[in-house]
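Asker: Let me give you the structure first, and then I'll get to my questions.
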Amino acid sequence: MATTTHILGYPRIGEKRELKFAQEKYWRGDIDQTELKKVGADLRAKNWQTQTEAGLSFTTAGDFAWYDHVLTTTLLLGHVPKRHAGGFPNLDTLFKVGRGQSQAGCGCAGAAASDMTKWFNTNYHYIVPEFSKDDTFEVSWPQLFEEINEAVQAGHKVKPVLLGPVSYLYLGKEVEEGFDRLTLLPRLLTAYQAILAKLASQGVEWVQIDEPILSLELEKQWADAFKLAYQLIRSDVKVLLTTYFDSVTDTLDKIVELPVDGLHVDLSAAPQQLDDVVAKLPEGWVLSAGVVNGRNVWRSDLSAQLERLQPVKEKLGDKLWVASSCSLLHSPVDLELETELSEEVKSWFAFAKQKVTEVALLGRALDGDQNAILACDTYSQPIKARKTATHVNKPQVQVRLNNITASLAERSAPYAERAAHQAEVLGLPLLPTTTIGSFPQTGEIRVQRSAYRTGQLSESDYIQALKGHIADAVKRQEALDLDVLVHGEAERNDMVEYFAENLAGFQTTKFGWVQSYGSRCVKPAIVVADIEREKPITVEWSTYAQSLTSKQMKGMLTGPVTILCWTFPREDITRQEIAQQLALALRDEVSDLQDAGINIIQIDEPAIREGLPLKKRDHKAYLEWAVNAFKISAASAKPETQIHTHMCYSEFNEIIDSVAALDADVITIETSRSNMELLKAFEEFNYPNEIGPGVYDIHSPNIPTEEWIEGLIKKAAEKIPVQRLWVNPDCGLKTRNWAETEAALANLVSAAKKLRAELA
């Protein structure tokens, strides 16, 4: 019997972001719901056709989402927060939960969106389910069942996908005190029983139930919850229990006791688990081997995967299935659109559409199809050739990596000495004021950038236009009387892509979009070779800005770990090595900035915490190399050069040691929404260096009053000595307009001056 092939999910945004543009038109009122739904139906039909035409055994349905798949599950279960409830849940209900509802939109006091957070350690996000003790669950929104009917009527053999009950509970949060959301499990399971009964009535043979939390180090009560859950929802539909992003080593003994029919494991993220899983797989179970990486853009070495899976095929026979490691929603849609890539570079990649073909081809090869076996070998040649290419593995970069020593990551003087030097050179007042780096990216800037990229604006004219925006930003900051200025980053489209475009070793794409959440898509650059800086990147802009003012101008860099986390990494070397290469390139930029007279340099690291591995036992090793990469990038700074870093997290406690180990002279953090509560971690740790807790929530259009900012600064001063405090917004101001930016910053400067006078 032929090897069963399938994927865990397919990108829903469309190859040219058709879903994004339709959603935003609908939200603006430019199209009605019928037109929006037609776009969704057309995308689903195309996605299913891609899978069937490639020869997959199953076509996956239920993976389409109008915002994110967790929110889709929330509506399926009729579990809508009370502030958004009212009548039967529909598409507008879903958008209200995800985006919030203004006072004008509902004729009421408005209703806040539910929280959003990262989907495990990916750059995808989901709307967090809210739980209270009186919650009930009832199958409500029929989208899943309608999609199955659509797919069946189109002639596809359907395998629906459903987020599992235990993961759904785990990924949410309690919104009232004194109760544990796990106590809701029996009620939730009643709804899941009804869902599976409905699937059975639709003729579904297999359902993919995603329980990604099985890859975590679960507390006992959560691990134990699976037994009850899967005993109660047992039905006539066969269940493929699906895990991804890490190994199931910690939970495997419990998994194999569950009354399910198969297990999917991620052999891309955790290849080492294969032998253990095969050895413990219960008689009669299917093993779905996730060997085609759903989280990256690289072509699979299918000949190597074939060799790896053949012994498993011999043991399991038709009980071995071949699959993507996780949903392909984390990959761009179709490589064929990238007409501007060189043939060599293009031959290294596979986007979602190509990965579907990889899965199907590998399945045929495992069945002994000689043409497929030969095709796997031919297909894998570019990846094999790449391993020895000198323009990929550059000798000059390797020499620098081999010469990294412990001293390379250390500043030439301890913080206390540096602080004294900096106080003398910089001459800043108590409670110095600054911003985080970016200023409003106006429509004019975006039009000029687009015109330059399409050849309608010459390079010299574009540079003059950017200098005009920088001069304007400097003038506005001087008028506000900020103490440390920034150039505003008018030249940057994105804080990571800008550096990727200016460092050798990266490839950017035209259509390499992946969904972040809702209608927001990102286009990560791809690390294709050893990374090096061939020429200065930011020096010209920073020195031009400094020439316009006698105040200190802050140089602005994105840190090595953030660039790594927000790009598609290479698969042939470790993430640690990529971070070191980035660190060495940024180190050179730091040296050039200070040699050009820039005395303050900010190295942003908003993603250090995001890069944490899923298993806590792996945190220490990651944090050691992540911190070391930052320190390498900063350590070329002289004692009198002040190094800043910026982070925006909601939780510092578990990484405060590592934050301190960065040894930045100043750290700025996002604290305004937490009313300075986040500073507790720094207070309890006795954080030794300077700190700028954000006093202005830039994510809100509300203008903070002078009194409000003053109150926040006073709260901060209760936890951190005032001599070590800075005053700044939470984050960059790129997404705000100038009117609200200047109004907020005027209040920020006034509050700082008032307190400065009181403390004098």
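Note that Cβ sites are derived from N, Cα and C of the backbone, with glycine treated the same way.
The 5-methyltetrahydropteroyltri-L-glutamate binding site feature in Swiss-Prot is assigned to ARG17, GLU18, LEU19, LYS20, LYS118, ARG520, CYS521, TRP566, GLU610; the stated evidence is sequence analysis. Per Swiss-Prot, L-homocysteine binding site is recorded for ILE436, GLY437, SER438, GLU489, ASP604, and the stated evidence type is sequence analysis. Residues annotated as L-methionine binding site in Swiss-Prot, with sequence analysis given as evidence: ILE436, GLY437, SER438, GLU489, ASP604. Taken from Swiss-Prot, the feature Zn(2+) binding site applies to HIS646, CYS648, GLU670, CYS731, supported by sequence analysis. Swiss-Prot lists HIS699 with the feature active site, proton donor, giving sequence analysis as the kind of evidence.
Could you place the listed features in the three-dimensional structure?
Answerer: Non-local neighbourhood of LEU19 (5-methyltetrahydropteroyltri-L-glutamate binding site): ARG12, ILE13, VAL39, GLY40, LEU43, SER519, each in the same chain, at least six residues away, with C-beta under 8 Å from its C-beta.
Other Cβ atoms within 10 Å of the Cβ of GLY437 (L-homocysteine binding site), summed over all protein chains shown, number 26.
Note: GLU489 (L-homocysteine binding site) has non-local neighbours GLY437, SER438, PHE439, MET495, MET556, GLY732, LYS734, i.e. same-chain residues 6+ apart with C-beta under 8 A of its own C-beta.
A sphere of 10 angstroms centred on the C-beta of GLU670 (Zn(2+) binding site) encloses 22 other C-beta atoms.
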Asker: Starting from the Cβ centroid of HIS646, CYS648, GLU670, CYS731, the recorded Zn(2+) site, name every other residue in that chain with its Cβ within 8 Å, sequence order please.
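Answerer: Going along the sequence, the neighbours come out as ILE436, PRO606, MET647, THR668, ILE669, GLY694, ASP730, GLY732.
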Asker: Looking at the binding-site residues listed here (CYS521, ASP604, GLU610), whose Cα lies nearest to that of CYS731 (Zn(2+) binding site)?
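Answerer: Closest recorded candidate to CYS731 (Zn(2+) binding site) by Cα: ASP604.
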Asker: Is it possible to get the count of other C-beta atoms within 10 angstroms of the C-beta of CYS731 (Zn(2+) binding site)?
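Answerer: The Cβ of CYS731 (Zn(2+) binding site) has 25 Cβ neighbours within 10 Å.
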Asker: Just checking the binding-site residues CYS521, GLU610, HIS646: which sit within 10 A of ASP604 (L-homocysteine binding site), CA to CA?
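Answerer: Of everything listed, what lies within 10 Å of ASP604 (L-homocysteine binding site) (Cα to Cα) is HIS646.
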Asker: Starting from the L-homocysteine site formed by ILE436, GLY437, SER438, GLU489, ASP604, give every other residue of that chain whose CB sits within 8 Å of the mean position of their CB atoms, in sequence order.
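Answerer: Along the chain, the qualifying residues are THR435, VAL486, MET495, MET556, GLN602, HIS646, GLY732, LYS734.
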Asker: Restricting to the record's L-methionine-binding residues (ILE436, GLY437, SER438, GLU489, ASP604), give me the longest CA-CA distance in Å as a whole number.
Answerer: 13
Asker: Out of the recorded positions ILE436, CYS648, GLU670, HIS699, give me the one sitting nearest to GLU610 (5-methyltetrahydropteroyltri-L-glutamate binding site) by CA distance.
Answerer: CYS648
Asker: Out of ARG17, LYS118, CYS521, CYS648, HIS699, give those recorded positions positioned within 10 angstroms of ILE436 (L-homocysteine binding site), comparing C-alpha atoms, in sequence order.
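Answerer: Qualifying among ARG17, LYS118, CYS521, CYS648, HIS699: none.
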Asker: Which of the listed binding-site residues (ILE436, CYS648) has the least company, meaning the fewest other Cβ atoms within 10 Å of its Cβ?
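Answerer: Looking at the binding-site residues ILE436, CYS648, the Cβ with the fewest others within 10 Å is that of CYS648.
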Asker: Rank the recorded positions ARG17, HIS646, HIS699 by how many other Cβ atoms lie within 10 Å of each Cβ and give me the one with the fewest.
Answerer: HIS699
